[in-house]
Amino acid sequence: MESSELAFMIWLLACVSGPVDGYPNGKVTEACSSMVPLHGHYPQLTPKHIITASETEFRPGDHIKVTLSGPDFEGFLLQARDAENLDGPTVGSFLLVEQRISQLLTCNHVKNSSVSHTHKSKKNHLEAYWIASPNAPKHVQFLATVVEKYHIFWVKIPGPIISQPNAPPLTAIPTTPKTQPTSQPVSHLIKPFNALGCGSMKFCIRNPTNCNPEAANCFFLSFKPDGHSVIIEMSGPSEGYLAFALSHDQWMGDDDAYLCVSEDHHININTAFLRGRSSPVLDSQNTLEDMSWRLADGVLQCSFRRKIHLSDNQRRYNLDANYYIFLADGEVGEGGPIYKHQRQPLISNGMCNVTGPPKDLGGSRSPQLIKIHGALMFVAWMTTVSIGVIVARFFKPVWPHSLLFGKEIWFQVHRTLMLTTVALTSIAFILPFIYRGGWSYKAGFHPYLGCTVMALAIFQPLVAGFRPSPHGPRRQLFNWVHWSAGTTARILAVVTMFLGMDLPALKLPYPWDTYTMLGFVAWHVGIDVLLEMHGYCLIHKVELIDDDRIHILQSLTSVEAEGRTFKQIVLTIYICGNIAFLITFLAAINQL
Ligand code: HEM
Ligand code: HEM
Ligand SMILES: *[C@@H]1O[C@H](CO)[C@@H](O)[C@H](O)[C@H]1NC(C)=O
Ligand SMILES: *[C@@H]1O[C@H](CO)[C@@H](O)[C@H](O)[C@H]1NC(C)=O
């Protein structure tokens, strides 16, 4: 349990980066143009705050009083923009009324062009003067982003529009600013998608590989080139969200993500850039077209079109290069914040060019090489090592007279099982290196402990190979060194396994895995203690009989024979239990 939590924390520490702490001091210049707070959550939809202006008309140089009021809020960003181009630059400048709660910002190199909060204390009212610039457009609209609490906020709340005298009426009725996915025209899908043409007309990633999104609850993602753009379809069982990301590597972070998020029986289609492992920061600028979706029987489907090259948006990757593709699903909380996917996302088997020749690929939630790594390590450090050591510790006197290939049985068993352990460890050890092409620098302590275990596992047979003769003077030293190094290796290996099985690349079901591992440790220690106690009782018994000197030899052998049977039964039971635990873990790995 503990080490698993430790693993989780290490993993979090190793992976979380990005702007997760917000801007309590109001220096929100990063949000100048999008007006989206980088809080990694979805904005609320229906504003509760109101912006008012003291005038409806203005001339260059005029001071217009602007007020923002509503329920208590912690932060805000107030701007004026051309009412006919709400995604364009800010207009004019501001003058503060209350220096204590508000400050002027330089947005896009224009001094005093925005007003924001100074700290996160609660306020329900804010005033500022807007000064019309000489080159102000005919119609100006005030916009505000209001943060009520860290993850509850509204973006670009539309305020009043004020106009210059004699200005022609606004050409278009200003709609709510075009920032949120909901404001995009979204049509419903008439028909669910199908897998027809996968591998011939379109590039598909399916899990399981025979997934037909029309029929089953399975994950499906397809890319169909169409001129200069690509039509993308995504489908899967999810009550919350479904997302895919294009990544240059097999880690999450610095990825180009596309999300279909369900909210109130409606689906928002969005893009985001994933920084590290923090919650995705949604883009305010939408680069997708022809968006449509369908939500039925717990299956979420969405479809949209994207240009292959987007010159004006460097955050989006070009679609004609090679990427690993991640497909993730998860829950959505109230108001829409995205929770982390509960399980490891599906990763495409290899890098792919979605605009290249159509392919029909599968995906896995865990790479094959890493699965083999985990499986071999379990065999080695749960089973072969445990049986080998128990035999060396308790079974030396059990088969004293029978030899196997000229050596005592316990020794042959110990040597064979231990060399097997070393061989399995060596093979398993190199697999993650092959997979990562180097050091697993985001896997926490596991690789470091793993290397220590590997080193000890090589050290053991080397020392054993040069062991002094059983009655030689340095034998005690050998026993001590061999015992300590072996025991250290086993303890470290158990910790390493605890940490390994919660790593993202091979995430066994949690907390099941931790409890089962604890169960195994308890089983092993229990048997160890039992045999230890049995050995102690045996010595005690022999000492009692010792008084009756005549019978000593006879009794010794009879007591030993009795003990031998007991030990053999315990060993058999132990091996069965051990293998049962091993099979449980191997089956869990196979399920991923
Ligand atoms: C005592 C046994 C084990 C040893 C000695 C060991 C050793 C290692 C080492 C040295 C690495 C890093 C390789 C690199 O940097 O590329 C590694 C990676 C890994 N190990 Fe183990 N391991 C053990 C058991 C396990 C188990 C039982 C599991 C899972 C059930 C596991 C899961 C992983 C995973 C998922 C990675 C890859 C991390 C990544 O790159 O994403 N390991 N292991
Ligand atoms: C990873 C490899 C190995 C580990 C972890 C390991 C571990 C152990 C442990 C813990 C014991 C002590 C049992 C006890 O009395 O409590 C032991 C005993 C012994 N091991 Fe190993 N062993 C390994 C490999 C080998 C190999 C390859 C050989 C022989 C070539 C060997 C030869 C012995 C001998 C001779 C003893 C008995 C020491 C005595 O006289 O009590 N071991 N081993
Ligand atoms: C910005 O506001 C400050 C403080 O009110 C003022 O001193 C400064 O002149 C203003 N700058 C511009 C370019 O408006
Ligand atoms: C991907 O495929 C497109 C279309 O065939 C091709 O133009 C492009 O060069 C490919 N990209 C890579 C990296 O192979």
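Heads up, the Cβ atoms here are built off N, Cα and C, so glycines get one too.
Bear in mind that TrEMBL entries carry predicted annotations, made automatically and left uncurated.
Residues or ranges marked as signal peptide by TrEMBL: 1-22.
The domain 'Reelin' feature in TrEMBL is assigned to 13-178. Per-residue pLDDT, averaged over the domain 'Reelin' (13-178), rounds to 82.
If you look up TrEMBL, you'll see 217-330 marked as domain 'DOMON'.
According to TrEMBL, the domain 'Cytochrome b561' annotation covers 335-534.
The annotation transmembrane segment is assigned in TrEMBL to 375-395 (among others). Taking Cβ pairs closer than 8 Å, the transmembrane segment (375-395) reaches residues 409-411, 413-414, 416-418, 420-421, 424-425, 427-428, 431, 453, 486, 489-490, 493-494, 496-497, 500, 520, 524, 527-528, 531, 535, 567, 571, 574-575, 578-579, 581-582, 585-586, 589 in its own chain, all 6 or more past its ends.
According to TrEMBL, the transmembrane segment annotation covers 416-435 (among others). Tertiary neighbourhood of the transmembrane segment (416-435): same-chain residues 367, 369-370, 372-377, 379-381, 384-385, 387-388, 391, 443, 447, 450, 453-454, 457-458, 460-461, 464, selected by CB-CB distance under 8 Å and a gap of 6+ residues from either end.
Annotated transmembrane segment per TrEMBL: 447-466 (among others), in sequence order. Among residues of the same chain six or more beyond the transmembrane segment (447-466), those with a C-beta under 8 A of the stretch's C-beta atoms are 381, 415, 418-419, 421-422, 425-426, 429, 432, 439-440, 478, 481-482, 485-486, 488-489, 492-493, 495-496, 499-500.
Taken from TrEMBL, the feature transmembrane segment applies to 478-500 (among others). Taking Cβ pairs closer than 8 Å, the transmembrane segment (478-500) reaches residues 3-4, 6-7, 10, 374, 377-378, 381-382, 385-386, 389, 444-446, 449-450, 452-453, 456-457, 459-460, 463-464, 467-468, 506, 514, 517, 521 in its own chain, all 6 or more past its ends.
For 512-531 (among others), the entry in TrEMBL reads transmembrane segment.
Counting only same-chain residues 6+ beyond the ends of the transmembrane segment (569-589), those with a CB under 8 A from a CB of the stretch are 366, 371, 374-375, 378-379, 382-383, 386-387, 390-391, 394-395, 501, 506, 508-509, 512-513, 516, 519-520, 523-524, 527, 530-531, 534. The transmembrane segment annotation in TrEMBL covers 569-589 (among others).
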Completion exercise
DSSP tally for the domain 'DOMON' (217-330), helix/strand/coil in that order, comes to 0 helix, 70 strand, 44 coil
